[in-house]
Amino acid sequence: MNKPIIAPSILASDFANLQREVEMLNESEADWIHIDIMDGIFVPNISFGIPVTEAIAAHAKKPLDVHLMIEKPENYVEAFYKAGAASISVHYEACPHLHRNLQQIKDLGCRAGVAINPHTNVQLLEDVIHDIDIVCLMSVNPGFGGQKFIENTYNKVRQLKEIIVDAGASTMIEIDGGVNQSNAGHLIEAGADILVAGSFVFKSSEPKDTIADLKNV
Ligand code: DX5
Ligand code: ZN
């Protein structure tokens with residue numbers, strides 16, 4: 001089994017000690033740092049924005065994986081690129097001109113991602129699969145950390161993997177929400193490449209060990 005890319009979500013970290021949390025991730029086996037941006041419109045919660053992302057980037061030694069849970073992401077993509085994003089994911093459900101959004105992200109030199117909500121069928125991405133570097137399958141309804149993993153995600157990973165293989169594309173599959181030690185192995189077996197984990201990492205007593213456990217699951 002290939003080792004997954006581990007992307008701890010900073011959303012579950014201690015915001016009053018962000019520098020310390022980022023330094024912990026620097027020293028850990030984490031590959032990327034997942035940054036959850038919520039606007040209170042696309043999702044029923046507000047997280048943080050561009051200045052906080054810049055502050056994280058100033059200390060991070062790992063690439064920032066920015067997940068935009070916002071309406072009109074095209075208005076903010078460049079600002080997040082300038083703030084330090086290495087990859088930027090927009091939501092399918094927020095993008096009537098998805099192909100244009102993806103080109104905008106690629107033109108900046110970032111990896112382009114599309115996140116889809118639990119109810120959104122993976123087949124809707126078939127015609128743009130070659131334009132997508134990362135599909136982020138939401139395994140919870142976006143908006144909050146600490147929710148229960150939705151089991152149907154396994155089917156979606158398998159279906160999406162088939163679409164990617166059939167198309168001969170190199171798109172990576174990222175899983176976001178409720179990831180833990182008991183579902184990580186099954187997700188990788190099903191075809192996942194990247195695991196995002198928030199609460200499971202930051203609420204554990206030894207986050208660095210928890211990250212290593214996920215990496216070597
Ligand atoms: C949910 C976010 C997730 C979340 C994951 O809206 O996109 O990245 O922070 O947190 P856990 O791992 O706690 O479900
Ligand atoms: Zn996320």
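Our numbering is plain: 1 for the first residue shown, then up by one each step along the chain.
Yeah, the Cβs are placed from backbone N, Cα and C, and that goes for glycine too.
Among the features that TrEMBL reports, substrate binding site is placed at Ser9, His67, Gly143, Phe144, Gly145, Gly146, Asp176, Gly177, Gly178, Gly198, Ser199. Applying an 8 A CB threshold to same-chain residues 6+ apart, the list for Gly143 (substrate binding site) reads Met38, Val43, Pro44, Asn45, Met69. Under the DSSP three-state reduction, Gly143 (substrate binding site) is assigned to coil, being neither helix nor strand.
Same-chain residues at least 6 positions away in sequence with a Cβ under 8 Å from that of His34 (divalent metal cation binding site) are, in sequence order, Ala7, Pro8, Ser9, Ile10, Leu11, Asp65, His67, Asp176, Val196, Gly198. Per TrEMBL, divalent metal cation binding site is recorded for His34, Asp36, His67, Asp176.
Around Asp36 (divalent metal cation binding site), the same-chain residues six or more apart in sequence whose CB sits under 8 Å from its CB are Ser9, Ile10, Leu11, Ser47, His67, Met69, Gly145, Gly198, listed in sequence order. As annotated by TrEMBL, active site, proton acceptor applies to Asp36.
Summarising the environment of Asp176 (substrate binding site), the number of other Cβ atoms within 10 Å of its Cβ, over all protein chains shown, is 25. According to its DSSP assignment, Asp176 (substrate binding site) is in a strand. Taken from TrEMBL, the feature active site, proton donor applies to Asp176.
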Report summary line: Same-chain shell around divalent metal cation excluding His34, Asp36, His67, Asp176, C-beta within 8 angstroms of the CB centroid, reads Ala7, Ser9, Leu11, Ile35, Asp65, Val66, Ser89, Ala115, Cys136, Val196, Gly198
Requested in this report: Select one residue from Ser9, His67, Gly145, Ser199: among these binding-site residues, choose the one with the most other Cβ atoms within 10 Å of its Cβ.
Outcome: His67
**Report entry** Where Ser199 (substrate binding site) sits in the secondary structure, as DSSP reduces it to three classes
**Finding:** helix
